[in-house]
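Annotation source Swiss-Prot lists ATP binding site at 30-33, Lys51, 87-91, Gly415, 479-481, Asp495, citing sequence analysis.
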Amino acid sequence: MASKEILFDTKAREKLSRGVDKLANAVKVTLGPKGRNVVIEKSFGSPVITKDGVSVAKEIELEDKFENMGAQMVKEVASKTSDIAGDGTTTATILAQAIYREGVKLVAAGRNPMAIKRGVDKAVESLVRELGNLAKPTRDQKEIAQVGTISANSDSTIGNIIAEAMSKVGKEGVITVEEAKGLETTLEVVEGMQFDRGYLSPYFVTDPEKMVCELDEPFILCNEKKISTMKDMLPVLEQVAKMQRPLVIIAEDVDGEALATLVVNKLRGALQVVAIKAPGFGERRKAMLQDIAVLTGGQVVSEDMGIKLENISVADLGTAKRVVIDKENTTIVDGAGKGDDIKARVKQIRAQIEETTSDYDREKLQERLAKLVGGVAVIHVGAATETEMKEKKDRVEDALNATRAAVEEGIVPGGGTALVRVAKVLDDIKPADDDETAGVNIIRRAIEEPLRQIASNAGFEGSIVVERVREGKDGFGFNAATGEYEDLIGVGVIDPKKVTRIALQNAASVASLLLTTECAIAEKPEPKKDMPMPGGMGGMGGMGGMY
């Protein structure tokens, strides 16, 4: 086992502090509308240019083990804020640096770090409560677009596309970001339920040019097991044929005699039919078939529920206004399911989302929820080069997360103003002793830091800007994009309250942990051994006279 190096007290905190500063200083140049870019070398491919705080933080590894520990702790602030709120990573990093920097001085001067931590926690709790009072719910599409624009570094095209996507699929709809083939950034909305399974045979297509199968007012049969023989299906097929309506069969698989018979009937024109594999696998497949059945007002043919294929009638089938199937996807538009049944199913999925601990399961449940309630929107991001594409895609994803957060918890004045505006509640805190008071004062100074940095990045004197904003009321603040002092909510400079709250809580949490650190342990770097002298080459004798 390699030997360890141990640092105590001031020396440990000094090294950690140096690491915190190195990471935070690299990240904070990106803050605000006039924030600068950071260029990151990649071991392969072109360098990445970004203004995304968490992307910068993730790239930083320091040579000194102790400094690196400090940097990694602050990196966690950025990552955690990004995971929960999706934005606000730079703000969180700046707050963590400011809290730790102020706290280290006080601990070095003999203050009790545990009491300081208690003061910090009390201050953060009060500020979070006051942020809730300051927040206003998002009223319309315009405000959602403004949040998206601010988060995408003042790119109004991105803000407007996200607002349009949200208005079309609802706040619980799925919005995904993909790379476009061209230069334009566009929005594509898939209405109804779509899943990634296509027709089992190309003979089912109704439009040979487009190679798609479009059916109007079809019956929809959901079957949990594989269908290989025809005899089980004959009763229901005869009933559907009599009514002269199309039929969509969704099953684990359809093969052999069953598939051949369906294809022959389709080609002869006896029955307009299409067979599709059910989406998903295992338990998820069962759940998705049940979703389709609820959406279309049908029953899942399942032995678990005591329903057999040979016993079903047309009454057990679902229906929809239209079903479109291509080689890879199926879209069910306007299913005929009862509103109450769909609501009950949605409630059940929401409960599962709350309970699950797996990120993957949560994502899949949210997709199912979106397919039931709204639909799916895809933002195709266009750019001229691969480097620009990566940078733009990052900004779109940030903006998308910020708008979701705004819809969830409301909006507050942007540009670092909200934290300055709620600082007055810190006067009402009753600390137990002087050390707790010091903790409250650390937060009082730290929450001004994001505004100071935004002003500094825009070429203004931070202290003067902070003083002027502190004198104002409500939404009055500094618009760094124009250099004006104005009502920020009125001109659309707004932040999601959730992003501001999460950034503050995460920053205070990690900075407090660092402050109460008394000892740091890291592996000793191994001394570099000198390269041995190369040995003489044998057999070189008798070669004199060579020049």
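The backbone N, Cα and C atoms fix where each Cβ goes, and this holds for glycine too.
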At a 10 A cut-off on CB-CB distances, which of the binding-site residues Gly32, Gly88, Gly415 has the highest count? Gly88
For the binding-site residues Thr30, Thr90, which one has the sparsest Cβ surroundings, going by other Cβ atoms within 10 Å? Thr30
Across all the protein chains here, work out how many other Cβ atoms are within 10 Å of the Cβ of Asp495 (ATP binding site). 29
When a 10 Å sphere is centred on the Cβ of Ala480 (ATP binding site), how many other Cβ atoms does it contain? 27
